[in-house]
Amino acid sequence: MSPTASSRLPLGLYALTAGAFGIGTTEFVIMGLLMQVAADLQVSIAAAGLLISGYALGVFVGAPLLTAATQRMPRKAVLVALMIVFTLGNLACALAPNYELLMTARVITSLAHGTFFGVGAVVATGLVSEDRKASAISVMFTGLTVATLLGVPAGAWLGLEYGWRATFWAVTAIGVFATVIIATLVPADRSAPAPLSFRDELRVVGRPQVLLGLLMTVLGFGGMFTVYTYIQPLLTQVTGFADAAVSPILLVFGVGMIIGNLLGGRFADRRLATALLGTLALLVLVMGAMGFALHSRWAMVLFTGLLGAAAFATVSPLQLWVLQKARDAQSLASSLNIGAFNLGNALGAWLGGAVISHGLGLSALPWVAALVPASAFMVALWSLALDRDRDRDRASTAQDSQHAGECA
């Protein structure tokens, strides 16, 4: 990499991080506002939780559709346009007079999410050498983790002090700032988007290994959101914290996310398969241990931080795994995997709501949640076994060809 490229690299990644911060704030901040939104709009907490599911499903649907619509456009122009949609969607959230229109505005906002992170991940990996691709992804996703560390607690505080609408006004301002930063700092496209047609890209992402990677992502994050969606009532109604303590505890979660995200990227650059299995196993263990810690305040603070670290340590390994398996259809595969993260979000919010509404109670959430990434771990083992079988077959074929040549 030339000195010029090296000097420009931080600026490009910081610009992507700014966009990720804005999107991450609007995605996660609603979790600290569930009780305020439910009370103001006169709906149940479970119904308010569906605002998270609706956003996540919008990401899942919007990612492939917008990727298809924009695949021939310059990537920088795509990123700026997506941030404009994001900003207008948050403005609509701030103005929404009822639950139905708030849900609609959330879905509109979410449509830009998957394609932004999908295209952004491809841009980020294109800025670095082969041995730093996972780290580049983790730098971009630091925007999400910083959003959780700063944006979500600040948004929860704003909602508590000035009403939940003030939070969405603040996120709208963040969107304006992020749009300007991306337009200013992201370099112009160095090359045209991949020449594959959308039909050819669909054929590539239909490969079994790509589909297994997407399934791992859904299950890995589904477990985290089974707990995190309902972290506010879990901390206040089960552990016994006051409402005012939720924001500081979310700061601990955010610190864990930043640390886990950066370490996960570094480990994935060295040994991707080991990082994938190790981070998923750690997530299962943390959730299981949290089930024993629910009635201890200091332990819940600790395990809330560990939950953030373990969950976001999986991000770079999961994203890079899918990118490697897709190879020549990375834009679509990357966007679909972002959609898979958010399908896991929706699955977790729904599963947690089902656990609560069917009488198992908030205390059961960590135990049920641990089963979901455990399933992802099993899928990862299956995927690695397929890789070993493929390598064995290739070696056998090469050996047979060599023997045939010797006989001839």
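Glycine too: its Cβ is placed from the backbone N, Cα and C atoms.
Annotation source TrEMBL lists domain 'Major facilitator superfamily (MFS) profile' at 12-391. Residues annotated as transmembrane segment in TrEMBL: 12-39, 45-66, 78-99, 111-129, 136-160, 166-188, 209-232, 244-263, 275-294, 300-323, 335-358, 364-386.
On the 0 to 100 pLDDT scale, the domain 'Major facilitator superfamily (MFS) profile' (12-391) averages 86 in this prediction. Between the transmembrane segment (78-99) and the transmembrane segment (209-232) there are fewer than 3 Cβ pairs closer than 8 Å, counting only residues 6 or more apart in sequence, so the two stretches are not in contact. The transmembrane segment (209-232) is in contact with the transmembrane segment (335-358), judged by 3+ CB-CB distances under 8 Å for residue pairs 6 or more apart in sequence.
Contact check: the transmembrane segment (335-358) against the transmembrane segment (166-188) gives fewer than three Cβ pairs closer than 8 Å, residues 6 or more apart, which falls short of the contact criterion.
Long-range neighbours of the transmembrane segment (300-323) within the same chain, counting only residues 6 or more positions beyond its ends whose Cβ lies under 8 Å from a Cβ of the stretch, are 121-122, 125, 133-135, 137-138, 141, 144-145, 148, 210, 213-214, 216-217, 220-221, 224, 227-228, 231, 235, 239, 241, 249-250, 252-261, 263-265, 267-268, 272, 275-276, 279-280, 282-283, 285-287, 289-290, 293-294, 330, 333-334, 336-337, 341, 373. Only residues 6 or more beyond the boundaries of the transmembrane segment (111-129), in the same chain, are considered here, and those with a CB under 8 A from a CB of the stretch are 1, 5, 8-9, 12-13, 16, 19-20, 23, 27, 55, 58-67, 70, 75, 78-79, 82-83, 85-86, 89, 135-137, 139-141, 186, 190-191, 319, 323, 330-332, 334-339, 342. Only residues 6 or more beyond the boundaries of the transmembrane segment (45-66), in the same chain, are considered here, and those with a CB under 8 A from a CB of the stretch are 27, 30-31, 34-35, 37-38, 82, 99, 102-103, 106-115, 118, 225, 229-230, 233, 332, 335-336, 338-346, 349-350, 352-353, 356-357.
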